[in-house]
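Let me begin by presenting the structure, written as C-alpha cells, before commenting on it.
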Amino acid sequence: MTLLILLRHGQSVWNQKNLFTGWVDIPLSQQGIQEAIAAGESIKHLPIDCIFTSTLVRSLMTALLAMTNHSSQKVPYIVHEERPDMSRIHSQKEMEQMIPLFQSSALNERMYGELQGKNKQEVAVQFGEEQVKLWRRSYRIAPPQGESLFDTGQRTLPYFQERIFPLLQQGKNIFISAHGNSLRSLIMDLEKLSEEQVLSLELPTGQPIVYEWTGQKFTKHAPSLG
C-alpha cells in the first residue's frame, strides 16, 4: 500500500485575523500549532518516506510539528537541493533515522496579488461581495496582479507529476504539507473533478487527507485510516 498524505497547514496568524495571505510568509497561530500537532497524531502510524512542503514557513512548521510524535521516531531533515553538499549525511546509521524534506515554491499558496494583507470583509465592502466571490471561488478569474486557481495548478501539477509522482510509483509514501489552493488544484487532478466541482471543495486547516496509490489510480481513504 503506497500512501499520499495531503495536509493544509494549521491556522496562520493571518487566517486568524481574516486577512488574505497568499505568498506573504506568515507563521502559525497558537491554534495552528495545536492543529498541526493534532494532525500528526492522526497520521502517526502511517508510513512516511518523503515530505514535501512549500517554501512558506506555515507549511514547513506544520510538517515539522506533525512529525514530532510519529511512530517511526524518524527526524525530518531539510534537503537544500541548490546545495546538496550542505545536507549530505555521511552516517548510514543516522540516515536510517531520517526522513528527507523537500521545499518548492511550486507548492506555495495561490498568490493573491493586490489583496494580500487586506481584510476579507473590508475587501468585500470595497469591491462588492460578488466580485470578491469571483476572485476567491471562480476557477479562471484572478484578483488584480494575482493568480487564479487555474494559474496555481499550472505550477503545482507539473511539479507533482515530475517530482512527486515518480516516487509514488517507486512505492514511496509521501506527505505533502501545503496550502488550501495549491492542494485544491492537486485534488482536482487526483479526483478528476470538473471546474464546477472544484469550486465547492473546501479544505479545513490541519485535517489530513489520505489517498492510496494502487498503481492504477488514487483511492481516497476514510479519515480514520491513521
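Cβ coordinates are placed from backbone N, Cα and C, and glycine is handled just like the others.
Copied over from Swiss-Prot:
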BINDING   8-15, 21-22, R58, 109-112, K120, 136-137, 180-181  substrate binding site
ACT_SITE  H9  active site, tele-phosphohistidine intermediate
ACT_SITE  E109  active site, proton donor/acceptor
SITE      H179  site 'Transition state stabilizer'
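Annotated pair K120 (substrate binding site) and H179 (site 'Transition state stabilizer'), C-alpha to C-alpha distance, rounded: 18 Å. For H9 (active site, tele-phosphohistidine intermediate), the nearest of the recorded positions by C-alpha distance turns out to be H179; the candidates were G22, E109, R110, H179, G180.
In this structure the C-alpha atoms belonging to R8 (substrate binding site) and the residue listed as 'active site, proton donor/acceptor' are separated by 10 Å. Annotated pair G180 (substrate binding site) and the residue listed as 'active site, proton donor/acceptor', C-alpha to C-alpha distance, rounded: 7 Å. G22 (substrate binding site) sits 9 Å from H179 (site 'Transition state stabilizer'), taking the Cα positions as reference. Looking only at the recorded positions Q11, W14, E109, R110, the one with its C-alpha closest to H179 (site 'Transition state stabilizer') is E109.
In the three-state DSSP reading, R8 (substrate binding site) counts as strand. Here the CA atom of W14 (substrate binding site) lies 13 Å from the CA atom of the residue listed as 'active site, proton donor/acceptor'. All protein chains shown were included, and the count of other CB atoms within 10 Å of the CB of R110 (substrate binding site) stands at 26. One residue stands out among the recorded positions R8, H9, H179 for having the most other Cβ atoms within 10 Å of its Cβ: H9. Counting only same-chain residues six or more apart in sequence, the Cβ atoms lying under 8 angstroms from the Cβ of W14 (substrate binding site) belong to F20, T21, V24, I26, G117.
Per-site Cβ counts within 10 Å over the binding-site residues G22, G180 peak at G22. Counting other Cβ atoms within 10 Å of each Cβ, the recorded positions E109, K120 show the lowest value at K120.
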